[in-house]
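See structure below.
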Amino acid sequence: MPGIDKLPLEETLEDSPQTRSLLGVFEEDTAATSSYFSQLFKAMQRIYDAQNELSAATHLTSRLLKDYEKQRFPLGGDDEVMSSTLQQFAKVIDELSSCHAVLSTQLADAMMFPITQFQERDLREIVILKEVFQISSDDHDTAVNRYSRLSKRKENEKVKSEVMEDVYTSRKKQHETIMHYFASLNMLQYKKKIALLEPLLGYMQAQISFFKLGSENLTQQWEEFLTNIGTSVQNVRREMDSDAEATEQTIQDLKVASDPLYMPDPDPNKIPVNRNLTRKAGYLNTRYKTGLVSSAWERQYFFTQGGNLMSQSRGDVAGGLVMDIDNCSVMAVDCDDRRFCFQITSFDGKKAVILQAESRKDCEEWIATINNISKRIYLSENPEEIAARVNQSALEAVTPSPSFQQRHESFRPSTQGRPKTGRSGSQCSAGSESPALSSLSLESLVAPDTPIQFDIISPVSEEHPSQAKSGAQGRRTNPFGESGGSKSEESEDSILHQLFIVRFLGSMEVKATESADVIYETMRQILAARAIHNIFRMTESHLLVTCECLNICCVIPQFPLSSVVLCTSHQENKRLFGFVLKTAGGRVDGRPVTVCYVFESNNDGEKICDSVGLAKQIALHSEMDRKATQKQRELDKAKEKQQEELHKQKQIEKDLEEQSRLIAASSRPGQPAADGQFLVLSNSQSEDSDAGEEGQKTGESEA
């Protein structure tokens with residue numbers, strides 16, 4: 001190749017200073033080449049790494065697009081068009097991912113391999129040859145200096161021959177090394193051009209192949225698809241822009257319309273009070289006691305549902321019942337030096353709630369709304385619509401809605417839409433019937449013509465009314481609400497004590513106790529009856545689960561744990577649970593009566609059912625331990641009795657031996673004992689001996 005400078009191999013043996021100077025130029029060029037190719041290698045390595053990352057990211061994108069239809073977004077519906085479009089995109093991107101993978105392989109073979117070989121083989125070989133040449137040159141200089149110091153006066157042939165042999169060997173080694181070193185430096189001028197052009201050629205060929213492969217895969221069909229998708233995107237963007245403009249206009253209109261409402265206490269002349277409302281919602285301050293005389297206020301969101309006043313704190317997912325406002329009384333009050341306060345008192349006067357509104361208008365509207373609801377004044381005069389509204393309110397208060405939209409609508413009072421019938425709503429509240437329940441007749445589960453009890457009646461109070469009454473009269477009431485010593489010894493010794501907040505919905509007599517379907521059917525009938533008869537009030541109490549019984553702490557009744565035969569929660573509404581109780585005897589014929597009790601809990605009814613099951617297991621193990629202990633005690637008593645009998649038998653035998661010895665001794669009263677002393681008898685012994693002699697004489701006479 002013209003223009004290539006070379007080191008003269010013919011001058012390597014002479015090793016002149018000019019040759020060394022020319023070698024220095026070649027070595028500087030080698031160092032510059034090594035530095036340049038090191039930077040070029042890093043740049044190409046970054047290209048290769050970026051291509052690998054692009055290939056992996058493209059493959060991941062394709063996989064995520066394929067998994068889109070498996071995702072469940074809270075706000076996303078089943079958009080089949082979007083799913084099919086993304087599937088087509090996933091197919092195209094998957095093909096592109098394959099193309100990128102092929103490109104990565106070609107870059108590794110055609111670009112990275114040549115430059116890596118040049119870096120690790122050629123440049124490293126020159127570095128090694130340079131080190132070997134330096135060592136051989138130093139050895140040659142040492143040998144020549146030693147040869148130059150040979151003395152001509154005292155010649156030693158042996159030393160002379162050794163030095164000459166050393167010069168010969170070192171010079172030969174240096175000559176061979178420098179020739180190989182010069183040849184490698186000369187070849188480097190060609191190799192660096194090849195190492196520079198081959199990676200670039202491989203890179204360009206790989207890119208051309210990639211573009212050709214892409215053009216083959218992206219056919220006219222895909223171009224039309226991409227054009228249609230681009231048109232759809234532009235349509236969506238225009239729709240978004242129009243919606244944004246409408247939203248901005250709505251915001252401006254709401255700002256103008258809401259400007260008078262920004263004031264907490266607006267002018268009543270500008271915004272008149274509406275006294276015909278039957279639904280009301282808004283934030284109120286409620287007062288609650290923090291001690292015997294102290295109290296505090298809390299801001300909550302209140303709304304009316306049917307005949308109930310509900311409240312919901314910020315962050316809660318559902319509202320809770322505050323009180324039943326049917327036939328209640330409401331009036332404005334002065335409380336704690338606060339304005340716009342009003343008090344709601346229940347129909348029986350046992351519960352009162354004090355609330356504070358933001359303005360006089362709001363306070364008067366709340367009072368008017370509660371009065372309208374309490375007197376059952378509805379705007380519509382259609383009886384069926386009124387009954388459906390009441391039934392739907394009862395169902396919303398008990399059963400949660402499944403979807404996001406229904407949950408959002410159930411959290412606040414709705415002014416649009418009314419349910420069709422109350423009966424169908426009550427059935428939905430108890431959940432869909434299972435296949436096993438649909439195949440059974442209702443008469444096989446629930447006793448026919450069975451009344452529904454909406455008040456708790458305990459089997460203990462039914463069977464022993466005198467005991468319940470006496471127990472209630474004998475208990476001393478603590479005016480401060482403390483328990484004191486009212487708990488029984490059995491409940492104190494019980495292993496399990498779990499307390500739950502529940503609300504009693506109702507109970508009714510049932511027939512079947514083998515399946516949980518009887519509890520589901522009882523729930524359905526009780527909720528339907530509550531909706532039909534407009535019964536929304538539920539007493540909140542505490543259910544205490546122990547190893548002996550289920551105790552309703554706020555009322556008298558107790559349910560013996562041994563009588564509970566079945567307990568389960570609802571399949572869809574987990575807050576509903578019930579248990580079946582088998583009493584000792586009926587009121588008329590004395591046969592066992594089975595009653596199903598249905599409750600609503602604040603949390604999960606399954607936890608309460610699990611606690612009941614755990615209590616029954618603990619009671620069963622305790623009973624087994626008690627029986628085993630009692631049996632062991634009986635065995636110990638029998639063994640102890642047997643030991644006493646043996647002891648008595650041995651004592652009798654000992655007494656008989658003693659009596660026979662005394663009788664034998666008494667038959668010889670004048671004879672001294674072996675030691676020369678006379679035997680002296682006590683009074684008891686003499687009496688026994690006399691009795692023995694009389695018995696002996698009587699025996700002889702009888703003989």
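Numbers here mean position along the shown chain, with the first residue as 1.
Each Cβ is built from the backbone N, Cα and C atoms, and glycine gets one as well.
Curation plays no part in TrEMBL annotations; they are all automatic predictions.
As given in TrEMBL:
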DOMAIN    277-375  domain 'PH'
REGION    398-435  region 'Disordered'
COMPBIAS  412-428  compositional bias 'Polar residues'
REGION    462-491  region 'Disordered'
REGION    625-703  region 'Disordered'
COMPBIAS  625-660  compositional bias 'Basic and acidic residues'
COMPBIAS  694-703  compositional bias 'Basic and acidic residues'
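On the 0 to 100 pLDDT scale, the domain 'PH' (277-375) averages 86 in the predicted structure. The DSSP breakdown of the compositional bias 'Basic and acidic residues' (625-660) into helical (H, G, I), extended (E, B) and coil residues amounts to 36 helix, 0 strand, 0 coil. Helix, strand and coil content of the domain 'PH' (277-375), in residues and according to DSSP, is 15 helix, 50 strand, 34 coil.
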